[in-house]
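**Q** The active site, for GATase activity annotation in TrEMBL covers C2. The domain 'Glutamine amidotransferase type-2' annotation in TrEMBL covers 2-194. The ATP binding site annotation in TrEMBL covers L255, I287, S362, G363. Taken from TrEMBL, the feature region 'Disordered' covers 536-557.
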Amino acid sequence: MCGIWALFGSDGNVAEQCSCAQKIAHRGPDCFRLESVRQFDRCVLGFHRLCINDGEHGMQPMRVRKYPHLWLCCNGEIYNHKQLREQFEFDCDTDCDCEIIIHLYEKGGVQFAAEQLDGVFAFILLDTKRKQVCFARDTFGVRPLFSVTEGDSVLAVCSEVKGLEGMFKKTKNGDTKAVTKWFPPGCYEVYDMSKEGRTKLQEHGRFHTIGDMPKYNVLVKPSMTKNQDHLDVIRLLLEAAVQKRLMSERRIGCLLSGGLDSSLIAALLTKNARKAGITYPIQTYSIGMEGSPDIAAARKVAKHIGSEHHEVGLTPEEALAAVDEIIYCLESFDVVNIRSSVGNYLLARYIQRETDSVVIYSGEGSDEVAQGYIYFNKAPSAEAADAQGRKLLSELYMFDVLRSDRATAAHGLEVRVPFLDHTFTSYYLSLPPELRRARNGIEKFLLREAFSGTGLLPDEILWRPKEGFSDGTSTLDNPLHLMLGNFAASKVTDEMMANAKKTYPINPPKSKEGYYYRMVFERHFPGKGNLMPTNWTPQWTDSDDPSARTFSHYKSS
């Protein structure tokens, strides 16, 4: 987890603009560097580093002796970097996993480079010889990237919106010609650069599509032998996804809610950490209010897998007090994201303050890949469920992985998400839709079935009904979504709601809770409503609230 920032051909006060790079210092608490590129006027690259691999030599902007014309800033982890070095016989200067991008680019260009990477990443690669700058972002958008553009020119990029706020002058009516937007996941762009550092878009393309098999040589091939079936392959690929993410010089831990997804990852992590020679105990972390079902379930899992478990208490007062801070951290006004981030954010804060773990495994992504939300039980057909799951995967960068990235990065931690492994997801999505749909009123039936009888988890956890993270941290009789809703309602009048569409014409709020979150968001990021063009919304349900506890088919665990 790092923070990247860049400025191209500025006509403003460069010193003032560079100060904006400090707004993302939390993403890389170990080292910081701003460097101007002498071949271009008013062109600056910035990097905040969280040292995970090759702490001595991996600082960025990175340049290597063989290709001094290339400058790299990358926020990411490339799990197959050693295999790529051997495959292409690259002579690398460092042991940093991100250096491989420079060599791949020089061999075949930015599209080729991005296609070869097994990992998560957002990078800037500046080529002074070809007078170009390139950008790319991983398939699911696990690592964030935003740009400020003006026409077909990019003015600046950053890992978070806050690092771009206030960089460009406004007109008298408060507008700027520049537009802040997401860099699309799974894509790359190439811009020509003038001597003045100005850029012009030359190429935009997609290097990978969700569900397609990777173009690189995978470490574990998803092929069945005579003695294997699809359940064996699911287990094999998910375990391989956990194994490859053990690449770290810093201590590893795992979020553990006691739900299926985090429990599977925590169990596979503790099992494979021992095999990999990790001698320290794996720490697991849960958070919840007194009487929370998640706390009780996580305790059972931790005992079963033998982790060093940390339980963090949460009070209603702490949850409400954190809301404004969380909205600034998330750069989002989505109701579900904010509710779920309360536990994520406060738990990450505890990990940073009270432990020495830095690399944090998470079960994010499973609900989208394996159709895990309880509303999938009401899908009218297997094909409809498949289409909805793929839609959720394509929007992950605005919701769940945004939350997991920001909540951890805000506290100098790096999150890793094995369920979004390229090989695992492409194989799982290749199975027939009928096989992947909910069965017998049980969501994620196929995933549960794959680990049934293995002893990896207690059956009561393996078959525990889905519980949303924000719901599971609170009790049934006093759920978090009602606490937050009542708090927000006290801040928003009926008159304000009546004028919601006029006040916020882009994605207007539909509830007082949503209105309050939007007000806080606009205070921090005025006029940036375009960054959230849609809300996370459940399907096939009779409820107006996205909390699963309000659905008629909700099952308490």
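Each residue, glycine too, has its Cβ placed from N, Cα and C.
Annotations in TrEMBL come from automatic prediction, not curation.
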**Q** Could you give the Cα-Cα distance between L255 (ATP binding site) and C2 (active site, for GATase activity), in whole Å?
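**A** Checking the Cα atoms of L255 (ATP binding site) and C2 (active site, for GATase activity) gives a distance of 20 Å.
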**Q** Between I287 (ATP binding site) and C2 (active site, for GATase activity), what C-alpha distance do you get in Å?
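**A** That separation, Cα to Cα, works out to 25 Å.
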**Q** Is it possible to get the count of other C-beta atoms within 10 angstroms of the C-beta of I287 (ATP binding site)?
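**A** There are 27 of them.
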**Q** With every protein chain in view, what's the tally of Cβ atoms within 10 Å of the Cβ of L255 (ATP binding site), excluding that atom itself?
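**A** Neighbour count, Cβ to Cβ under the 10 Å cut-off: 28.
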**Q** Rounded to an integer, what is the Cα-Cα distance in Å between S362 (ATP binding site) and the residue listed as 'active site, for GATase activity'?
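**A** Answer for this pair: 18 Å between alpha carbons.
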**Q** About how far apart, in whole Å, are the alpha carbons (Cα) of G363 (ATP binding site) and the residue listed as 'active site, for GATase activity'?
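**A** Cα to Cα, G363 (ATP binding site) and the residue listed as 'active site, for GATase activity' are separated by 21 Å.
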**Q** Which residues in the same chain, at least 6 apart in sequence, have a Cβ under 8 Å from the Cβ of the residue listed as 'active site, for GATase activity'?
**A** R27, G28, F47, H48, R49, L50, Q60, C74, N75, S159
**Q** Average pLDDT across the domain 'Glutamine amidotransferase type-2' (2-194)?
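**A** A mean pLDDT of 94 is what the predicted model shows over the domain 'Glutamine amidotransferase type-2' (2-194).
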